[in-house]
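Annotated in TrEMBL:
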type	residues	note
DOMAIN	40-433	domain 'Amino acid transporter transmembrane'
TRANSMEM	76-98	transmembrane segment
TRANSMEM	135-157	transmembrane segment
TRANSMEM	169-187	transmembrane segment
TRANSMEM	194-217	transmembrane segment
TRANSMEM	229-251	transmembrane segment
TRANSMEM	263-287	transmembrane segment
TRANSMEM	309-333	transmembrane segment
TRANSMEM	353-370	transmembrane segment
TRANSMEM	376-397	transmembrane segment
TRANSMEM	418-441	transmembrane segment
Amino acid sequence: MATTATDKVVETVIAGNYVEMEADGNAPNVKTKLSKLFWHGGSVYDAWFSCASNQVAQVLLTLPYSFSQLGMLSGVLFQLFYGLLGSWTAYLISVLYIEYRTRKEREKVDFRNHVIQWFEVLDGLLGKHWRNVGLAFNCTFLLFGSVIQLIACASNIYYINDNLDKRTWTYIFGACCATTVFIPSFRNYRIWSFLGLLMTTYTAWYLTIASILHGQVEGVKHSGPTKLVLYFTGATNILYTFGGHAVTVEIMHAMWKPQKFKAIYLVATVYVLTLTLPSAAAVYWAFGDMLLNHSNAFSLLPKSPLRDMAVILMLIHQFITFGFACTPLYFVWEKAIGMHECKSLCKRAAARLPVVIPIWFLAIIFPFFGPINSTVGSLLVSFTVYIIPALAHMFTFRSPASRENAVEQPPKFTGRWVGAYVINAFVVVWVLVVGFGFGGWASVTNFVHQIDTFGLFTKCYQCPPQTPALPPQSFNVTAAPPPQPHLHRPGSH
């Protein structure tokens, strides 16, 4: 038994290292050094930047809206709770990935030109039915995740330039985001994920400081929570916030040593909380119930060069996050049409373009910035990154032999296997009842209300009403000499 355990450890340590050895064999030159610096990432730090950058994105701007629905105390507690829950299920996904990859590499399977994805992990460990369910939920979530980024781009740029309506901006940014087809994999997001996190850090602290300096608006009210619909809508938006690990497998596969992933998501979540808690609390403190009708925090802060800078940085970051959400969809599509192992970047980019079209179209149909986050969170995120990983972990290691031979044993502080099963069962029940059940009811009700209020294909969702221009004759009357002198002689007053 000791020999088997030793062999297992050795195989675990070297799993995936052939990519690193292959890269190290290249002759160093200026082009290679620049490529490694800006483009060809695969370190623990790259994975951390990718996780943190992908997690905080545009949802940073909707969290004050969630606070107005939940109230301050519930808003803070839900962020801490779902941050912890999300970190746990991200850990489960990483464990299942390592288990699958180690098993396959023992069978001499080569992943040099193949990116492992979540549905393949489920297929290899649990069979085709799990694969089909995982694929359906993951692809639908990532599809709408990409849609949300396009909606956010249009919503944000409108606060700098309102000469065009939000729908027109969606057309424009759809074309811009389509250029992500040229980014081969998550390993090539090194500089982008680093810059993305700097951008959201600036925006979060701008929201915090600007709100404090602005002070509370006159007669500010903090009446939340007032309705169950609003309460659970806000809660599921926070569920969505910490459910950004639908791309965990792809991020891990981009690492030179994926075994080192383990606590990366937890550390990323801790950093993200230092951005989301102060910014959401400060904006809600300043504007209170006004946020119920302003799902984008930028809409309430006065126009200034600092705000414009935050908007521009978030626009660039949303382009990056669009790529994060869409790249796994590109991989699935490439595998479906047999182009995944093609060496030509241009051919792969051309093959990926059809993926962008439905995303573009859906962003134009449902431009409901804020409410769509909650709906996606309750109906898709709840299963994709909470329920399915917890159940998959339980079923993969249900037999004593599988637990004994597992590549990764559960941490001692969680109570080993018994503790892991208890936590997994709690995650499944909580998210199924509160996230999917109550959250789904509340989010869909709110979403339908937005459709009834604004309609599908609405040109400018939650835009301030335009002041109608006075007719030309009014200006002529105003400009003309007043008629009173003709009616009254001088001195008659």
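Including glycine, each Cβ sits where the backbone N, Cα and C put it.
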Counting a contact as 3 or more Cβ pairs under 8 Å, with residues at least 6 apart in sequence, do the transmembrane segment (169-187) and the transmembrane segment (135-157) touch? yes
Counting only residues 6+ away from its ends, which parts of the chain sit with a Cβ under 8 Å from the transmembrane segment (309-333)? 50, 53-54, 57-58, 60-61, 115, 117, 119, 135, 138-139, 142-143, 145-146, 149-150, 152-153, 156-157, 159-160, 173, 176-177, 180-181, 183, 185-186, 189, 192-193, 195-196, 199-200, 202-203, 206-207, 246-247, 250, 298, 340, 351-352, 354-356, 359
Listed stretch, out of 194-217, 229-251, 263-287, 376-397, 418-441, that has the most CB pairs under 8 angstroms to the transmembrane segment (135-157): 376-397
In the same chain, which residue numbers or ranges, 6 or more beyond the ends of the transmembrane segment (263-287), come under 8 angstroms Cβ to Cβ? 44, 47-48, 51-52, 55-56, 60, 63-64, 66-68, 72, 75-76, 79-80, 83-84, 86-87, 90-91, 94, 200-201, 203-205, 207-209, 211-212, 214-217, 220, 222, 241-242, 245, 248, 294, 297, 300-301
What residues elsewhere in the chain lie close to the transmembrane segment (418-441), defined as a C-beta under 8 angstroms and at least 6 residues from its ends? 85, 88-89, 92, 228-229, 232-233, 235-236, 239, 374, 377-379, 381-383, 386-387, 390-391, 393-394, 410
Beyond the flanks of the transmembrane segment (229-251) by 6 or more, those residues with Cβ under 8 Å of it: 47, 50-51, 54-57, 59, 62-63, 65-70, 74-75, 78-79, 82-83, 85-87, 89-90, 93-94, 97, 115-118, 121, 138, 141-142, 145, 185-186, 261, 265, 269, 272, 276, 292, 324-325, 327-328, 331, 370-371, 373-378, 381-382, 384-386, 431, 434-435, 438-443, 445-446
